[in-house]
Amino acid sequence: MKKFLKVWSVLTIICMTVVVFGGALVTKTGSADGCGNSWPLCNGQLVRLTDVTPEKLIEFMHRMTTGISSIFVIVLAICAWIYMKNRRETKPLAIIAVLFLIIQALMGMAAVVWGQNPYIMALHFGISIICYASIVLLALMIFEVDRKFDARNLVMGTKLRVNIYALTIYTYLAVYTGALVRHEKASMAVPVWPFENGHFIMPTSVQDYVQYFHRLAAFILIVWLLYVTWLVFRDYRRYRVLTFSMVLSLVFIALQAVTGALSVYTGVNLYIALAHSLIITMLFALLCYLCLLASRSKSNRLRIK
């Protein structure tokens, strides 16, 4: 059973990664209306080879991969619930994974049938990364990463725990601003990075405000992440799980900044934009894992005593 769970959890992560990629691809290529206003079929029927368009194919494939991923997520949640029922985090994570998967699908359906609001569609991406993060956490528990990094003895102080919780919430909000940039079609509102012609220009449109707000949010995120990393290396260097996680998070945020800048310089190159979406998804999942470790800190302290 354990071997099956390991294989299945990896396959589920791969499937959810494809879904995240697919959703970003739909947005980047403007394929959201590729299947008309019917759901789950395209214009009320399966795609016929005689009338295939790139937009229709992208949208239909996204729906199909979402359906397949749903099966993987539900099976993983049920099996983890049964096999790891003695772990206190298993049931909440399994419920979150399935619940947010359903919400994500319903929001996608609503957007197709009743039209797309950019602020709601930006939240659609945020829902998907919560589902993704819960699947990653279940997989890490299945692979017993805690034991490999000796995380069972990890004890965090209040300052670090509060910063990790707050940073994770803030990262989610920053992700929302990035998704809003895409859905408000503001990616090239300020075509030079970080500012227009090297100078700050007062925004004159909604797209300008959205773009500037996202860049400000990203800058604060980088500074905050550097601060938390400094805290870890100053006070918790003996815990490999923390030092490794923070180094990895810095790699992610550096790649995120680079792909963000390159997205502007290349006129929103499709592959760079997709990488930009995937990297922040993985960073959010990593921060959620740190939240999981922080939530265990008090019980670890009592157990060690």
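Positions of Cβ are set from backbone N, Cα and C atoms, glycine also.
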Membrane side check (same topological domain name in Swiss-Prot): Met156 and Ser295?
yes
Tell me, which recorded positions from Glu59, His62, His124, His214, His276 are within 10 Å of Cys42 (disulfide bond) if we use the C-alpha atoms?
Glu59
Using a 10 Å radius around its CB, how many other CB atoms surround Glu59 (active site)?
26
Across the topological domain 'Cytoplasmic' (144-160), average pLDDT on the 0 to 100 scale:
80
For His124 (heme o binding site): intrachain residues, at least 6 apart, with Cβ closer than 8 Å:
Gly23, Gln104, Met107, Gly108, Ala111, Ala179
Do any residues of this chain, six or more beyond the ends of the topological domain 'Cytoplasmic' (234-240), have a C-beta under 8 angstroms from a C-beta of it, and if so which?
149-151, 154, 156-157, 160
